[in-house]
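Noted in Swiss-Prot for the protein shown:
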{"type": "TRANSMEM", "residues": "9-29", "note": "transmembrane segment"}
{"type": "TRANSMEM", "residues": "89-109", "note": "transmembrane segment"}
{"type": "TRANSMEM", "residues": "125-145", "note": "transmembrane segment"}
{"type": "TRANSMEM", "residues": "147-167", "note": "transmembrane segment"}
{"type": "TRANSMEM", "residues": "185-205", "note": "transmembrane segment"}
{"type": "TRANSMEM", "residues": "258-278", "note": "transmembrane segment"}
{"type": "TRANSMEM", "residues": "280-300", "note": "transmembrane segment"}
{"type": "TRANSMEM", "residues": "327-347", "note": "transmembrane segment"}
{"type": "TRANSMEM", "residues": "354-374", "note": "transmembrane segment"}
{"type": "TRANSMEM", "residues": "396-416", "note": "transmembrane segment"}
{"type": "TRANSMEM", "residues": "546-566", "note": "transmembrane segment"}
{"type": "TRANSMEM", "residues": "723-743", "note": "transmembrane segment"}
Amino acid sequence: MEHIYQYSWMIPFIPLPVPILLGMGLLLFPTATKNLRRMWAFLSIFLLSIVMIFSIDLSIQQITGSSAYQYVWSWTINNEFSFEFGNLIDPLTSIMSILITTVGILVLIYSDSYMSHDQGYLRFFAYMSFFNTSMLGLVTSSNLIQVYIFWELVGMCSYLLIGFWFTRPIAANACQKAFVTNRVGDFGLLLGILGLYWITGSFEFQDLFEIFNNLIYNNQVHFLFVTLCAFLLFAGPVAKSAQFPLHVWLPDAMEGPTPISALIHAATMVAAGIFLVARLLPLFIGIPYIMYLISLIGIITVLLGATLALAQKDIKRGLAYSTMSQLGYMMLALGMGSYRAALFHLITHAYSKALLFLGSGSIIHSMEAVVGYSPVKSQNMVLMGGLTKHVPITKTTFLLGTLSLCGIPPLACFWSKDEILNDSWLYSPIFAVIACSTAGLTAFYMFRIYLLTFDGHLNIHFQNYSGKKSSSFYSISIWGKEEAKPINRNFCLVPLLTMNNNERATFFWKKAYQIGSNVRNRTFLSIPHFAVKTTFSYPHESDNTILFPMLILVLFTLFVGAIGIPFNQEGIDFDILSKLLTPSINLLHQNSNDFVDWYEFFKNATFSVSIAFFGIFIAFFLYKPAYSSLQNLNLLNSFAKRGPKRILWDKIINFIYDWSYNRGYIDTFYTISLTGGIRGLAELTHFFDRRVIDGITNGVGITSFFIGEGIKYVGGSRISSYLLLYLFYVLIFLFIYYFLNLLNFF
C-alpha cells in the first residue's frame, strides 16, 4: 500500500505530455502532427485513464481505513523561511480525482467526434489535457501556495477554452469577462493567503489549521483581522464557482465549445471553488461570521440562479444558470457545516450536469443540419421542438438528466439535494423555505427546457411554411468567424398568422391567432423572426462516438447516488461515502450516527419530491405543445379572461420575465456603474493629464521661450548690452539682499 502512495505525486503530470508533445510537433513537424491528429485524442484518453485507475485504487485504500498521506519536498530552506512542494492524498483528493478523470475521459471521447470538423482540433485537445493536469494538481496540493499556482492555471485554461473561437467577437468578449471577473476573486484569495501566512507562518494545510485554531482559541490574534483574511480567502471561490455577486461570467462562458462547457460545469473550474471551501472548512469553522456568510451567499445564489434560468431561450445559458443555482446548494451546505452533503451533491450534480451539457451538444449538432453553423439559431429553444422522433436516444438521456436535477427518486441528485434540504431545516427555517421553493423552480425551468426542445413540432420548419426562399443565412466558419447577411423579418414562427404590431399583447397570453382553435403561445417565451433557407431536412441522431459517453453518464446518473444512501438496516451498510469521509465534519448532526431508517427517510423525502412534481406540473401546464390535438381549451381560455386579476397577474409575470431575461439587471448595473465609471474616470484622468499636467510643463517652456525672446531683442544682439543687463540684474539682487538683512537687523 505504501508504494502506491509514493507514486501519487505523478497524478497531475501524467496527462501533461500531450500538450507538450503537441506543441513541439506543431512547431517542428506540423504536417505529420496534423495528419495523425486522432492519435493525440487516443493518447489523451489513455493517459487520463491511467490517472483514473490510480485514483480509484487510492480511494479503495481510503475506504478500507488508510490514513491520509502527505509527502513534501523542500525547495528553499533558510533560518527564516521554508518553501515546500508536495502532494496530499486524503478522501477529498480521492473523490475529486475520480470525478475529474471520469468526466474528463467521457468529454474527451465525445469531443473526438464533436470537434472533428474544427481546424482547432489539436489545439482543443492540448488545452483539455492541460486543463485536466491543472485541476489534478489543484486537488493534490498540500499547501496554499501550490493551490494558488494551480488555481491560476485552471483559470488560464478555462479562459483559453471559453475564447476558443477567438475570431468571434462575442467569444472574445466572454473570455475577457471571465478573466476580469475572476481577477477580483483571485486577488482577494492571494491577499487572504498572505494574511494567513503573516498570522501562522505556514502555508501547509495541517500546520495552518492547527496554529490558526489555537490562536483563535487563546485570543492571541485580533478577531477582525482573522475575519478579514478568511473573507478574502472566500472571495476566490465566490468568483470561481460563480456565486453572487461574481457570477456574471458563467452564462457568457457558453460561447466556448459545448464539450468544454460540460467539463467546466461538472468537474473542473466551477468545482474548484467548492473544493477550496471544503478544503479550508476546518479553518472557516472557527469563525462563525464567515460560516454564516458562506451560507448566505449560497442561498442567494440558489434563488438568483433559478430565477434567471426561467426565461432563457439559449439552451446552454439555461443550463449555465442551473449550474449556478446547484453550486449555491453546495455552498449553502458548506456554510451550514454539512460537509458530507456538499460533497455528495458535488458528485451527483457533476455527472447529471455533464450528461445534460453533452445532451445539449448533441441537440445543437443535430439542429445544425437544419439551421447551419449558427449558435444564435442552433442553440435557440424557440426554433426547436418535436425532436423526440428525430433524436430519440438523446431525448431519453436528456430526460434522465433532467429528472435527476429535479430531484426525482431514485436518480442521483435526489439523494444529495434531499439531504441538503433536510439539513437546511435544522439550520434556518428561512433558508429552508427558500431552498425548498427553489427546488420547485428547478423542476419548472428544467422541464421548460425539456418541453421546448423535444415536445410539439419542429418550429424552424413552420417558419418556412410559406415556401418562400430567403438568401439570408447566418453561418460560422470553421474557426467561428461570424458571417452576417441581411435578415428578412417578415416570417412568423407560427404559420398562417399575421402579426399586428399595433396590438400589444400581455405576456402570459400573447395575442392568440388561432388555427382550428388549438394554438396558443407559451409563457416565458418570446418569438424572434429569423429568416432561414427553405429546406426540408430534419435533425438527425448523433453518431456513436457522441452517444457512448452520454450512455455511460446515464449509468452514473442512475447509480452514483447509491454511494451516499444513509441506510443501515440489519447490518447492511450502503453508505460508502460516509466510510470514505470518516471522520467527517457535520455541525448539524454532531451527536447522530448519520443513519436513518426507511420511515424517517420517506417522511423527509415526500415534501421535497412533492415540490418537484408541482414544478413539473406547472411546466407541463404552460409548455405543452402549442400544436395540440385538443380542440377545446375552455379551461385555458377562461383562465385568460379574468378582468382586473388578469391584468395584475400579467404585470407580475412580465416583471418576472423581464427580471430573468435581463439577468436580474446585474450585468446592466455593472456596465453602468463599474465599466462606465472606470471609463469616465479614465477620461477625466486623461483630460487632467493633457490639460493640467502637460499644460503646466508646456506653459513653463513657452514662458521661458518668450522671456528669452524678449531679452534677446532688448539687448540688440550686442555682447556689451548683455553684460550691462547682467550687471543691472546683479545689482538689483544685491540691493534686495542687503535691504532684507537691514530690516532683520532693526
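The backbone N, Cα and C atoms fix where each Cβ goes, glycine too.
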Outside the transmembrane segment (354-374), six or more residues from its ends: residues with CB under 8 Å to it: 103, 106-107, 110, 114, 258-259, 261-263, 265-267, 315-316, 319, 322, 383-384, 387, 390-391, 394, 397-398, 400-402, 404-405, 453, 458, 460-461, 473-477, 532-533, 535, 537-542, 546-547, 549-550, 553-554, 556-557
Intrachain residues whose Cβ lies under 8 Å of the transmembrane segment (147-167), provided they are six or more past its termini: 12, 120, 123-124, 127-128, 130-131, 133-135, 137-138, 141, 174-176, 178-179, 182, 186, 189-190, 193, 236, 240, 252-253, 255-257, 260, 264, 268-269, 272, 276, 279, 476-477, 479-481
Range from 89-109, 185-205, 327-347, 396-416 with most C-beta pairs under 8 A to the transmembrane segment (280-300): 327-347
The transmembrane segment (327-347) touching the transmembrane segment (125-145) per 3+ Cβ pairs under 8 Å rule: no
